[in-house]
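*Asks:* Take this structure first; my questions come after.
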Amino acid sequence: MSAEASPETGRFRTKSSPELFFPATDSEGEEQNDVPLTIVHPTQSTSSKFSINIASSSRPQHGITTGDFEATSQTSAHDNVDDDFSIVGHNPASSHPQGTIVAPRRKRSLQQAHSHHSSSSSSPVPSAPVIRADFRKGFLGEFVCEGWSLSKGRGYCSPGTKIVIERPKSKSTDVGAPKPGRKDSGPVRLVNGKVVGGVKSKQMTLGSMMAKKVEPAKKVKATTDQIIRFRNERGFEIGRLSIHEAGFLAHLLDTGVIQLSGNVIDCPQNLTTGCTILLNIKVYLARKAFENFGKHKREEHFSFWKDQRETAMEEAMRLRKDSLRSLFERIGVKPIQSSALSKVTPIQGVLNRQKGPDLEGSRLRSSPSTSTAEEKGKGRAAMPAVDDDGEDSGDEAEKLDEKQMNEIDSIYRKAQQGDTRLDEMDPPSTFLYTLRPYQKQALTWMNAREKGDSSVRNESLHPLWEEYLFKKDQLPGEPIEISDDDEQPDSTRKFYWNPYSGELSLKFPTSQNLSRGGILADAMGMGKTCMMASLIHTNREEKPAGNLESQTRDGVEGEIDEEPASKRIKFKQVTLSNQWRAVPTAPKVESFPRATLVVCPVSLAAQWHDELRKMSQQGSINSYVWYGGDRVDIEALLAGDGKERVDVIVTSYGTLTSEYQKWLRTKDRPNYEGGSLYDHEFLRIVLDEAHNIRNRLAMVSKACYELKGQRRWALTGTPIVNRLEDLYSLLHFLRITPWGNYSFFRSFVTVPFLNQDHKALNVVQYILESCLLRREKTMRDKDGRLIVDLPPKTVEIKVLQFSRAERQIYKFLEERAKKRFIDLDADGRAMSNYTSILAMLMKLRQCVDHPLLVLGKSGEDGELGEKILESGAGNGEGNLRDMIAMYAGGIRAETPEDVDKAYAAKVLKELGEQEDTPICELCSNEMFDEVLLPCYHRSCQDCIVEWIGTCEDQNKIASCPSCGKGPIKLADLRSVQRRHKRVNPITDAYPGGRDPNLKSSNDTTVTLGKVDLVTSTKLRALLRQLEEIRQEDPKAKALVFSQFTSFLDLIEATLTKQGIRWLRFDGTMSQAQRANTIEEFGRKTNEPLILLISLKAGGVGLNLTMANYVFLMDTWWNEAIEQQAIDRVHRLGQNKPVYVTRYIIKGTVEKRIMKIQRSKTALVNASLSNGAKTKETTLADIKKIFGMDEEDSEGEVY
């Protein structure tokens, strides 16, 4: 037992003596080791003999001593930039008393000095932190909490006693540190020719050189404690704060963010260990809280697995953010101004949410470096397989469901509310077209975005920040001031907090963005190309725009932070050959950009070129299509002047990707001389159909990201296809900070939205309002008129019945597919065989179009689909392939020579003399697809085939319905074929269009042939309707869409046989052939013309207003894709009524797909084509498609 001075009298008594500045051990099992405390300068107290004051941006120097005190530098366990001392209750800017140690302040680095030119890759702070010179600390507020006594006896404290709050420093334990027995004789140095100093080691031998080197031991971070002790002004320890408060105060004290002071409110006169002491704690934000935090960029390029780790800096930011949030909630601090996001839905700041999104919410918390190889393998397997050229990315579970897509639609509508109030702007006289009012408004908005005009939008608070006020610190004895709510707060008392990253600022953080451009997301068919062309005419300035690209490029994403190859110093080997080579005399490209680069799908390249030529005064705008393997040198193209000047370069996504891959291979070579598209800066970059880059990991997206341009535009009718991260890719291309940073977008938008946080909708709405303009055809202007006045559109759904033979084939195929699905589902293997199920559904959809399509392979799923064709039903019905062969038995059509010539001559004479269209005896309508019976009576082909099948089902002899003669077999039927002169003028790739016997367009020949049963129900319906259109409008033009090019081949052969002129547009054609096809289709004609077009190649972007009839031959999973196809015709420039016909077969998979679409439970956005939602919803939808959940209603009205 040692003697102790009594706190009251100073006398000694037999008890362990509490030492000044050092903690006494308590009896609650706390750490028994002597832990040196941080040297503390008490607030409002002069009892301390000296204090330590460390400059805010420097570290303590090693070995600085004064008197008997030695300050040694030590790295904090929480953050490698922490100071060695937590200054608690100390004023950093106060005068330094005698004995104070002040470490020298280091100069700011060049990167910090210029940090206001680029936004951080980790947080959207304003410019470099601006801290007023007179700012010392700001009073945040006070709260009442409990403390637990660690002392026994009287005189330690009483109500009103001031207390000093202190924290022990955490220690780092170096496992590999030198043992105590090994002497360290100071730094290594040369003395009298000998090396002395350092830790002595053994002599180096050959064995030790060859021995395996031991990896240096890593520093083990000591367990983080949350003990906060408090003492009286005389230095006697009293107790510690409760765990609840210490949990969030400890980290803030350790990092110097806050300073604490307090006093005792109530306590027992005689303290006992563990008794409760009621305290009042005052909290101040220290000057260090507003210094630059978390701004250090990664010093190395991390691999994928390392990139998933939470770095030490990210951990420190997360702890700081969570601790500040808890502190603000404990004190009751409320923001006086929230961001624009909070204004949409009034909330009590971000503090009221249970838990905000982490800055790196998407990162894995576990370090892969400590995991086993097996765990790493599993991690890789869990990652989605991404193809560079694929359209899908990310987790399939993040696809938006129907409810979420409806929420996105509501966000669009809210973002459109102010669009009708935009001013109208006329384009220059060089633009020949007349813009509609809503297009003039778009020109106003786009021009302001490119000019960077801040007057269009008031300067507002950054969306991630909130504004707060420091409170007035009431000193004891001062009168209590009552603040007036209407009183304008003093600007020096304002501070700002980012609740997402935990950063604090004394400067107003604005939402200004250096990005020049945006997203023009008007609905399809509203003239986005025309509006962009007017902008090209309006803004053609030829002045250097400064280093805008470098200002915005750095803060978007770490993926592209590398210095462009064109700016790096290039070294060339000096050789004799290159010293004597010819000197190029071609003019160099001017130092400032002037050309616009348009990137679009290959099918739209020629259309962009033609539209620009039509809309521009001759010689005002020169455009060039840069496409194909024989592309001209881009440098020479941009260097042209006068008549050779090129203002707009049009290229395709495929060409750009090819150029990008070539540039990546060559840009780092020593002999690289430039000349790539990526070595030049453009005045403007325009992405048409910009949703093509929605996969941020695809090569085409990276190719677009890397382009250099002062202004960037994305044109798309669907900014969000099926994931919120589709929008991120556009923002990243546009260089819009901070949303173009993947970590921020995922943390603040994607994750909260998927977690059904309604505030995430406000974030998305704010983003869209700031950079997106979207109008729809149904919108009205300020006067209540529709902004787009288009002709009416009529959509007709024709529900058809299968023929008897087609029904048998389909039912057989459906039963086989359904049985396999039931077996897989019963075994629990349905989702693991998901691709096989999709292949079965593909075969069913093909069979609905035409049974012959089932015989062909369908891409990657062909082999899986082929298994369905094999026998194995076990019911004696034979092989499906045999059934289709029997159905197609009439495909070998006989020539006219195969028919009896006398019989043919007699019938042809009668047909040639007949002028009126005959009436069918079975349907009482005009005959379609005339068929001649052996008794010379005629009928519709569908009617007589159905009649013969019905008789066979009833075991009756089929006879003529007119005269009763029989029996009649299908082989006895003859078709009546009338052929008109039709040719295809595009290429020789489409044969069979000309009949040498026809000499004029009005010539018609009548022939007899065997009935061609290969024409399916849909084909016959299409031919019948085309024949009706030909009679009503001899100059009609129509589009026939199908997603199966093999079905287009059958339609092509059928049209050729019927003498109907057609053109073809699909993905197998070159860009030149596509352009020629569209040009030919747009020419005037005196006869009907049909364009056979694949849904994928021609469903988006094309302007085909020269047609007004649309036929959709099959049903797609996503109805929006079909609407896009219809909008190729129903768009600006259409002056005729549009008629749309959709063909479906009753009682088949098509009907059920439409029912799912109608009931709003569809597999949204092609989840059946290359993805899945949750397991339960996917299986439920597949069962609906197979017709397993309910009876198929044949009498349903569509």
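Glycine is treated like the rest: Cβ placed from N, Cα and C.
Since the structure is predicted, the reported quantities are computational estimates derived from the model, not experimental observations.
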*Asks:* In Swiss-Prot, which of the ranges 88-91, 508-511, 688-691, 980-983 has the motif 'DEAH box' annotation?
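*Replies:* Feature motif 'DEAH box' in Swiss-Prot: residues 688-691.
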*Asks:* Excluding the flanking five residues on each side, which residues at least 6 beyond the ends of the motif 'DEAH box' (688-691) place their CB within less than 8 Å of a CB in that stretch?
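*Replies:* Same-chain contacts beyond the ends: 519, 528-529, 598-601, 604, 608, 714-716, 718-719, 721, 726, 730, 733, 1100-1101.
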*Asks:* With an 8 Å cut-off on Cβ-Cβ distance and a minimum sequence separation of at least 6, pull the same-chain contacts of Met524 (ATP binding site), or say none.
*Replies:* Gly717, Val1100, Gln1123, Gln1124, Asp1127, Arg1131
*Asks:* List the other residues in this chain whose Cβ sits within 8 Å of the Cβ centroid of the ATP site residues Asp522, Ala523, Met524, Gly525, Met526, Gly527, Lys528, Thr529, in sequence order.
*Replies:* Gly717, Arg1131, Leu1132
*Asks:* Around the Cβ of Gly525 (ATP binding site), how many other Cβ atoms lie within 10 Å? Please give the count over every shown protein chain.
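*Replies:* Neighbour count, Cβ to Cβ under the 10 Å cut-off: 22.
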*Asks:* Quick one: give me the count of other CB atoms within 10 A of the CB of Lys528 (ATP binding site).
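*Replies:* Within a 10 Å radius of the Cβ of Lys528 (ATP binding site) lie 24 other Cβ atoms.
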*Asks:* How many neighbouring Cβ atoms, not counting its own, are there within 10 Å of the Cβ of Gly527 (ATP binding site)?
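*Replies:* For Gly527 (ATP binding site), the 10 Å Cβ neighbour count is 22.
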*Asks:* Comparing the binding-site residues Ala523, Met526, which residue's C-beta has the most other C-beta atoms within 10 angstroms in this structure?
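*Replies:* Answer returned by the neighbour count: Met526.
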